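Participant: Before we start, here is the structure in question, set down as structure tokens.
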Amino acid sequence: MGALAPIVVYWIYAGAYQMLPRLDRYRMHSRKEEELRNLVSLPTVIKGVLLQQLVQATVALSLFAMTSKVGLTGKSLQPSFLVQICQALIAMLVMDTWQYFVHRYMHQNTFLYRHVHSQHHRLVVPYAIGALYNHPLEGLLLDTLGGAISFLVSGMTAQTAVFFFSFAVIKTVDDHCGLWLPGNIFHALFQNNTAYHDIHHQLQGTKYNYSQPFFVMWDKLLGTHMPYTLEKRPDGGFEARPLKE
């Protein structure tokens, strides 16, 4: 479950976004813009995501096998609910820290950006199913290794990891969905949201808003935070416009 649940959750949640009606009045970019600016087809994106998830599941199964704690009854030993909440918060901070610095380095290193990270930015206009569309090396370093480190440092069990990584997957998909829907709880709870990450995918924002998937603290502390205004477009939908600090 710890290895497979996040994969199932990804396709259910991203698939639900994909099957929504047009919702043009809530889109960050028009459908025409998505078709013209994106440099990779949907089938290629799906194959890339499946490859990354295969690697993630393999690493997760290995980690859970090595770290499982089983009692005399043969059942996994679970800490209290409060301890699990603390473990999840630690994992969020560790994951954010790892992903910020690796993500930023992949932008600043010309070779890594050109040959590795630029694959993710072929989706100039992000959409839900493409949330985990990365070069295999980036998927391994950024997501798989980052998840493994956050799991080990936090000390959570595989059972807790089912919920934590499923939540992280939902958050990541939501950040790439390209929609600014009313009542979205992630927009209320997190500054790092759909519009925040959309700025990063714009040409003038690629050197900013590296933080993902939860908080924006590293961007603000290290001067890579790009504020924005969210404005309605005359033809429907919203536009996140970067502002200079």
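Just so you know, glycine gets a Cβ as well, placed from its N, Cα and C.
Annotations in TrEMBL come from automatic prediction, not curation.
Since this is a predicted model, take the numbers as computed values, not measurements.
Annotated transmembrane segment per TrEMBL: 6-23, 44-66, 81-102, 123-142, 148-170, in sequence order. Annotation source TrEMBL lists domain 'Fatty acid hydroxylase' at 89-224.
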Participant: Can you tell me which parts of the same chain pack against the transmembrane segment (81-102), counting only residues 6+ beyond its ends and a CB-CB cutoff under 8 A?
Facilitator: 141-143, 145-147, 149-151, 153-156, 160, 163-164, 167-168, 210-215, 217-219
Participant: Sequence-remote contacts (6 or more beyond its ends) of the transmembrane segment (123-142), Cβ cut-off under 8 Å?
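Facilitator: Contacts with the transmembrane segment (123-142): 10, 13-15, 17-18, 28-29, 33-34, 37-40, 42, 45-46, 48-49, 51-53, 55-56, 98-99, 102-103, 106, 115-117, 172-178, 197-198, 201-202.
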